[in-house]
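These come from Swiss-Prot:
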BINDING   152, 153, 154, 155, 156, 157, 158, 159  ATP binding site
């Protein structure tokens with residue numbers, strides 16, 4: 001087959017204009033290969049200008065590129081390796097391994113631009129996705145094939161929570177995880193890789209990175225690379241896959257960096273006019289089908305803590321559950337530092353989770369909310385000024401707060417406590433016993449950093465016998 005060859009006519013930062021023969025214009029989203037100075041640069045067609053020119057976004061650095069260089073149309077979108085051969089490996093946006101471990105034995109190569117599953121293929125059934133983490137399963141449960149937003153500032157434990165989820169999926173569910181680093185720090189990616197190697201989770205995980213130092217084209221597309229690898233496990237192997245995207249805001253940011261160079265007029269706050277469309281194209285592909293599911297956990301950076309900013313606001317519309325990590329809770333030494341009153345879930349509904357789960361979760365939230373209201377009074381007047389009923393609420397709330405903490409498997413090396421996976425029924429039973437007053441005789445310190453309620457009993461009985 002004869003190659004379709006064009007020539008570079010203009011370069012503006014990461015945006016390249018290439019002239020082809022007018023009857024051979026490459027299609028939108030086609031990958032174009034440019035070879036110069038012994039390097040290979042891949043660009044993606046974004047627009048057709050006039051009769052014979054295409055405007056492309058470079059997925060690598062355009063340093064040293066000049067006009068007149070030959071460009072070859074590959075005839076299709078970027079294709080990335082998929083299948084079991086990708087497990088335990090690290091890839092870049094083009095699906096090339098970057099871990100110096102040799103070639104990848106791929107089952108197939110799939111294009112990164114694919115259409116979302118049709119209505120017929122999607123599964124409307126809503127099922128709870130057990131994570132084994134008490135605070136999440138009880139108060140903001142994840143839906144199988146749902147999308148979860150993980151909100152949190154620096155250093156409150158987003159990455160540790162993500163690693164624990166990856167570990168629990170691999171060990172308890174035997175499932176695969178895809179981790180996509182979008183525009184985040186390379187150091188964090190390195191830490192994650194080293195930690196995963198130590199904990200042995202790496203064998204069930206694929207890592208895809210397009211970090212802060214990459215050009216905007218790469219950061220814009222790397223989420224699609226990770227998603228395509230996840231789709232293979234869902235559609236061909238029938239797996240329930242976990243897809244982590246850290247950070248979805250950087251995906252939007254990269255789109256906005258390129259947008260102006262493509263000649264688009266910016267919209268609100270300088271974002272790209274195609275913002276909702278770009279986010280939708282990514283999010284609509286993350287769903288459950290009749291074959292399997294992709295459950296995604298997306299870390300979301302909130303610019304200047306403003307939730308009404310167009311980037312987080314657009315993402316919110318797609319989420320089924322939000323897990324908010326709070327610095328105040330982390331300061332109390334309660335990990336995971338999930339805010340039990342701020343985190344929400346669409347499936348916390350008696351028709352989906354059942355009456356008992358719904359009742360226990362809402363009662364726990366009521367007790368914690370009342371405790372929050374009483375804290376000012378306690379700070380000024382002390383506990384003695386409270387009514388007997390309020391005193392009881394405070395005692396129970398403090399036990400609940402401590403019981404929401406849990407030792408993680410991935411943090412064993414730091415805490416010295418063995419990790420715990422708590423089944424949903426044990427979680428519900430434990431909190432039910434606290435709110436019904438069956439645990440009123442046990443001091444609150446016994447509830448801190450344990451798994452099930454049985455462990456609280458055991459430790460208490462043991463200490464009583466010792467005395």
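Please read every residue number as a count from 1 along the shown chain.
Every residue gets a Cβ built from N, Cα and C, even glycine.
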Most crowded position, judged by CB atoms within 10 A, among 152, 153, 155, 157 as binding-site residues: 152
Remaining residues near the recorded ATP site, that is with C-beta within 8 Å of the centroid of the site residues 152, 153, 154, 155, 156, 157, 158, 159: 325, 330
Cβ neighbour count (within 10 Å, all chains shown) around residue 158 (ATP binding site): 24
Spatial neighbours of residue 156 (ATP binding site) that are distant in sequence (at least 6 apart) but have CB under 8 A: 325, 326, 327, 330, 337
